[in-house]
Structures are given as C-alpha cells and as structure tokens.
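Trainee: From Swiss-Prot, for reference:
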- 215-245: compositional bias 'Polar residues' (COMPBIAS)
- Ser208: phosphoserine (MOD_RES)
- 1-62: region 'Mediates targeting to the nucleus' (REGION)
- 1-36: region 'Disordered' (REGION)
- 67-201: region 'Mediates interaction with sodium channels' (REGION)
- 213-245: region 'Disordered' (REGION)
Amino acid sequence: MAAAIASSLIRQKRQAREREKSNACKCVSSPSKGKTSCDKNKLNVFSRVKLFGSKKRRRRRPEPQLKGIVTKLYSRQGYHLQLQADGTIDGTKDEDSTYTLFNLIPVGLRVVAIQGVQTKLYLAMNSEGYLYTSELFTPECKFKESVFENYYVTYSSMIYRQQQSGRGWYLGLNKEGEIMKGNHVKKNKPAAHFLPKPLKVAMYKEPSLHDLTEFSRSGSGTPTKSRSVSGVLNGGKSMSHNEST
C-alpha cells in the first residue's frame, strides 16, 4: 500500500513538471501586451518561494493576567487598614491616606495576596500569628477571603491555624486601630471584619512564589529584610516579650 502511494505521488510530480515546461514554451513563443498567464505563474512561484523561505516571527505569548481590584479595607472597628512606607501595619481614621490603598490580587480560589499600592509590600502572617510585610511573595502572603454577614469580609492565613481546633488565624485590628496577632482574632468578632471599598478593577501579573526557607532567619521562619525583627513581628511596632505572648 505504501509503495503504491509513493509511486502515485512520483507520477503526479512528473506530470506537473511537464505541464510547467510546456507553459514556459508557450510564453516565450507568443509574447503579448500586459501580463500573460505565464507571468502570473512566475509571480505565484516567486511569492511561494518568498513565503516559505522567510522565517516565521515568533509571537510572544501574553503573560498571565489576573483580574483584581484596587481597594481600601475598612475595619468594623472604625479604621482603614494602612501599610506605611516603613512597613508598619495599622489602622487610620484618615480616609485620604494613600497608604490605605491595597492591591487585592487573586492567587487561587477565594485566595488573595494583599499588597500595598504605594510600598509594593505584601502583608504576611508567620507561624506565630504575627503580621509582617514582605518584599517577596511567599506562602505566608496568601490569605483566604471569606464573606461574612452584612458584606463584611475576613482574611485568614492559608497555611497557619490552631492545631487542635483547626480555628483559623485572622487579620485583625483592635479598638485602638492596632494590628493583632492572628491567633487572637476570632472570625465572629468586629476585629476580623473588613469592608472592601473597591476603587477600580486592575490587571496584575501572577506573583512569583518564593520559598520561605530562602529568606527565613534561623529558628523563626520569618523573612526579614531591612527592618528589625521586633518591627517585623508586630506590624512594624516594637514589642516587649510580655506583649508578645
């Protein structure tokens, strides 16, 4: 079967070559004004050669785009969550503060990264329940977004929770507008409730996930960059040993 197909193809090619030769002879013997059918055949041949001889340009694949929002997060305690230039996380009554703007970037099903618009720092929670900020996106920067009653939203760590009860560790502000330890915040209390105030829809590149071990300090598992350890562990505010327990 394969041999028959091959011989048929060879025969077809031979016939095609013979037709091209006869057409070329007719073109030479009978010149006329304007373009002849022979000229058109030549143009077609040249165009095919140019087409197949040229290198195809590789189209750049568009980078993955994630549809998120630029928003403010209004706490039920009466404060706007803010992430200041030095990495401090707290609440403020100043609605016009540019540090209250956050990028909410979807990184999974009902999972978001919370990034300060001005600082480009990510909110994160470590294995002890402390909130801190990170220049790089790590697993500690992932928060589960859950809608509570009256359209309030809670944000809990994706990787840390109470070992025995399984209760989540939540982002929260106390009545003074201070950041709280995640394991001290209960989801049914006002401290954990935030009301997003979306300003616009935005498209984001998918953050590059970095391993915690690359940036952890020995014995802590908390990434530290230019800020002090005490500052990182309490949202940017110094903390005594008694306050940390």
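Every residue, even glycine, has its Cβ placed from backbone N, Cα and C.
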Trainee: Would you report the average pLDDT that the model assigns to the region 'Mediates targeting to the nucleus' (1-62)?
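Mentor: It averages 57.
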Trainee: What kind of secondary structure is the residue listed as 'phosphoserine' part of, going by DSSP in three states?
Mentor: coil
Trainee: Determine the Cβ neighbour count for the residue listed as 'phosphoserine': the number of other Cβ atoms within 10 Å of its Cβ.
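Mentor: Neighbour count, Cβ to Cβ under the 10 Å cut-off: 7.
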Trainee: For the region 'Mediates interaction with sodium channels' (67-201), give the DSSP counts of helix residues, strand residues and coil residues.
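Mentor: So the region 'Mediates interaction with sodium channels' (67-201) is made up of 15 helix, 68 strand, 52 coil.
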